[in-house]
Number of protein chains: 2
Amino acid sequence: MDQRPIGVFDSGVGGLTVVREIMDQLPNEEIIYFGDTARVPYGSKSKETVTKYSKQIIRFLMTKNIKAIIIACNTASSNSLEEVQRTFDIPIIGVVEPGAVMASRTTKNNRIGIIGTEATIRSKSYENAIKLHNKDIQTFSLSCPLFVPLAEEGWTNNEVAYLVAKKYLEYFHEKQIDTLVLGCTHYPLLKDVIQEVAGLNVSLINPALEVAKNLKELLLLRDGLRDSSESPKHSFYVSDNTTKFEQIAAIALKKSIPHARKIDIERY
Amino acid sequence: MDQRPIGVFDSGVGGLTVVREIMDQLPNEEIIYFGDTARVPYGSKSKETVTKYSKQIIRFLMTKNIKAIIIACNTASSNSLEEVQRTFDIPIIGVVEPGAVMASRTTKNNRIGIIGTEATIRSKSYENAIKLHNKDIQTFSLSCPLFVPLAEEGWTNNEVAYLVAKKYLEYFHEKQIDTLVLGCTHYPLLKDVIQEVAGLNVSLINPALEVAKNLKELLLLRDGLRDSSESPKHSFYVSDNTTKFEQIAAIALKKSIPHARKIDIERY
């Protein structure tokens, strides 16, 4: 047994979808969440900057006596996982590997599409992880920079969302993919229009769903689950604006959260 | 005469439009530019965070022995100008006041629309500056969060841009504005679709054009112009990724710039 909490971080609010999965699958675990709302988004930034930010956040989370870290952000997982795993002496799980395994198991014709931020696509993280799993799979990757602002504007199912999805996903015409990885935590919010434009024969993969499973396996392996004698107390931290974060968190988690605290992440 | 350079900053590359105006109107002046490409965009962030970032940047610029500062970013001008003018002992000019004066002089029916980022609109900076100039003017304000990502994606004149502009600018229908302030340095990139949707009878105001005039007046007043014995050497600094910045700068300024240097702005 290990009573210490799990650290989870994201560039903003998107990682709360991962938190919800962890709460569902591991209801006794305590979670410390950090959302980098002052420096969001990461998707257009360099590997070096994203890695620097990830390290600051991990240093902050490690002051909270945590037992493991989940990088709930695709861009940070893609660009900094290897480096932070080398740097810090704590188990760190990203979203890419679980998502890649799930996609590899789902495809029947060995043709997988991947959409994500510029930094995620540039890193080739999903491509490499999928090919490591099955070298016969062909991948087709595309960055969709407008999907995050569309989701944040709440325009997830109107004619603008449809037109933008159509314009981006044109790229996959005639690629005959049967599986499409939603390689950014915001994209599942647009899944209806993405499914409509991609076609019903394409399976959409949401890596967030797989991460909680990987965490559970890791904790079981290390005999590191928390016992249930006391119900878990979760904590939420952000680098900007707690009010807006709390509103979105309540929607994403389908329950109200304890007051989020703002910290100066640049000091870590 | 004052040979010291002018400091100019923006959350990213948008402020280069202001730099171009200064280069045109004050060709002897030396410019030190800083673009906060690691923390861009500012438009969705809190007043407190934007002010903290502005102060860090001004502290950095002041290490370069400058004689004045231009805040070329509407969000930073709107949210932090008063505070930084109180804090630092150097002339600081924002883009809002010049833009507001220009709009007030342009309107004939005293009905002005203002579009900008969430943080700019929330600040009511243009509204207050316009009313200070002429209390009889009625203003109508709207944030357009998707315009910046659209401009950065290069979708400035396609059917998505048109549809987004139509959806936002609907708000101004029946408001009978004859003048519309483009209260964000990115928006002039979308001016064709904005003009088409707003109607040809609406005058678009680009505050960047006015800022250089204000700077010229300030320098004349203080006998602070640089003499022309040596041609000016401009310097460019960013907080992330110099290559992408240099490419965009070459387009925005219509000439190649000296190598941009990356600095760690969080240290200031």
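Start at 1 and count along the chain as shown; that gives each residue its number.
Even glycines carry a Cβ here, placed using N, Cα and C.
Automatic, uncurated: that is what TrEMBL annotation is.
Taken from TrEMBL, the feature substrate binding site covers B:Asp10, B:Ser11, B:Tyr42, B:Gly43, B:Asn74, B:Thr75, B:Thr185, B:His186. In sequence order, B:Gly35, B:Asp36, B:Arg39, B:Val40, B:Pro41, B:Tyr42, B:Gly43, B:Tyr53, B:Cys73, B:Thr75, B:Ala76 are the residues near B:Ser11 (substrate binding site), counting only same-chain partners six or more apart with C-beta under 8 A.
Its Cβ taken as reference, B:Cys73 (active site, proton donor/acceptor) is surrounded by 34 other Cβ atoms within 10 Å in the chains shown. DSSP assigns B:Cys73 (active site, proton donor/acceptor) to coil in the three-state reduction, outside any helix or strand. As annotated by TrEMBL, active site, proton donor/acceptor applies to B:Cys73 (among others).
Close to B:Cys184 (active site, proton donor/acceptor) in the fold, though at least 6 residues off in sequence, lie B:Gly14, B:Gly43, B:Asn74, B:Thr75, B:Ile115, B:Gly116, B:Thr117, B:Thr120, B:Cys144, B:Phe147, B:Val148, each with a CB less than 8 Å from its CB. Under the three-state DSSP scheme, B:Cys184 (active site, proton donor/acceptor) falls in the coil class. What TrEMBL records for B:Cys184 (among others) is active site, proton donor/acceptor.
In this record, substrate is bound by B:Asp10, B:Ser11, B:Tyr42, B:Gly43, B:Asn74, B:Thr75, B:Thr185, B:His186; the longest C-alpha to C-alpha distance in that set is 12 Å. The Cβ neighbour count for B:Thr75 (substrate binding site), using a 10 Å radius and every protein chain shown, is 33. Counting every protein chain shown, the number of other Cβ atoms lying within 10 Å of the Cβ of B:Gly43 (substrate binding site) is 26. In the three-state DSSP scheme, B:Ser11 (substrate binding site) is classed as coil.
Annotated substrate site B:Asp10, B:Ser11, B:Tyr42, B:Gly43, B:Asn74, B:Thr75, B:Thr185, B:His186; additional same-chain residues within 8 Å of its Cβ mean position, judged by their own Cβ, are B:Gly12, B:Gly14, B:Gly15, B:Val40, B:Pro41, B:Cys73, B:Ala76, B:Thr117, B:Thr120, B:Val148, B:Cys184.
Of all Cβ atoms in the shown protein chains, 27 besides its own fall within 10 Å of the Cβ of B:Tyr42 (substrate binding site). Around B:Asp10 (substrate binding site), the same-chain residues six or more apart in sequence whose CB sits under 8 Å from its CB are B:Leu16, B:Val18, B:Tyr33, B:Phe34, B:Gly35, B:Asp36, B:Ile71, B:Ala72, B:Cys73, B:Ala76, B:Thr185, listed in sequence order. For the binding-site residues shown (B:Asn74, B:Thr185), fewest C-beta neighbours within 10 angstroms: B:Thr185.
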